[in-house]
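Novice: Could you have a look at this structure, given as structure tokens, before my questions?
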Amino acid sequence: MNPTERITTPHKTGEAKVIIFSAPSGSGKSTIINYLLAQKLNLAFSISATSRPPRGNEKHGVEYFFLSPDEFRQRIANNEFLEYEEVYTDRFYGTLKAQVEKQLAAGQNVVFDVDVVGGCNIKKYYGERALSLFIQPPCIDELRRRLIGRGTDTPEVIESRIAKAEYELSFAPKFDKVIINDDLETAKAHALKVIKEFLGIDTE
């Protein structure tokens, strides 16, 4: 199954905003997001739903909303997701509309870390209320070097991630802003500036 392409009626313009991050694995996206969440920007991370079991000390409603595969399918049928993906049989990930609306209603600017298709879907749903950012590695060779440097994946997994990254990079023009992460501190500063401008915060 491919990620859903279903788009529902956009939300009316409000004060709180939506900030979407997508990127290939190894681009430094998570590091940049964690840096931004630590700034005083009233940002709140969007908690995804998943049908996989909790790992270790993971708690429902903290790391993820844990649903059974049948519960996930029922919520899909009820059109409760902004976006979702079945990565393989019975292993779903997605973003629940009600949770995001709850955060926005509380005045929080909601940050998403999603795949490129999910990012495009959320941007379509929220329109001008959303800023979509694509974090891009300087080149595929550098991405391969970073993935090898992690020391967590087999060569086969790394090549699979590289192939996926080449597909994901083709989506970059669909995003509002592309931030090239060839230097992490520069990329963090660039992302901070772009988000402050979007939120109407003085960047001086």
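Yeah, the Cβs are placed from backbone N, Cα and C, and that goes for glycine too.
What Swiss-Prot records for this protein is below:
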type	residues	note
BINDING	Ala23, Pro24, Ser25, Gly26, Ser27, Gly28, Lys29, Ser30	ATP binding site
DOMAIN	16-196	domain 'Guanylate kinase-like'
Novice: By Cβ count within 10 Å, point out the most packed of the binding-site residues listed: Pro24, Gly26, Gly28.
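Specialist: In terms of Cβ crowding, the pick is Pro24.
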Novice: Taking the centroid of the Cβ atoms of Ala23, Pro24, Ser25, Gly26, Ser27, Gly28, Lys29, Ser30 (ATP site), which other same-chain residues have Cβ within 8 Å of it?
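Specialist: Output for this site, in sequence order: Ile135, Pro137, Asn181.
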Novice: Most Cβ neighbours within 10 Å: which of the binding-site residues Ala23, Ser25, Ser27, Lys29, Ser30 is it?
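Specialist: Its Cβ has the most other Cβ atoms within 10 Å: Ala23.
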Novice: Through the lens of DSSP with three states only, how would you label Ser30 (ATP binding site)?
Specialist: helix
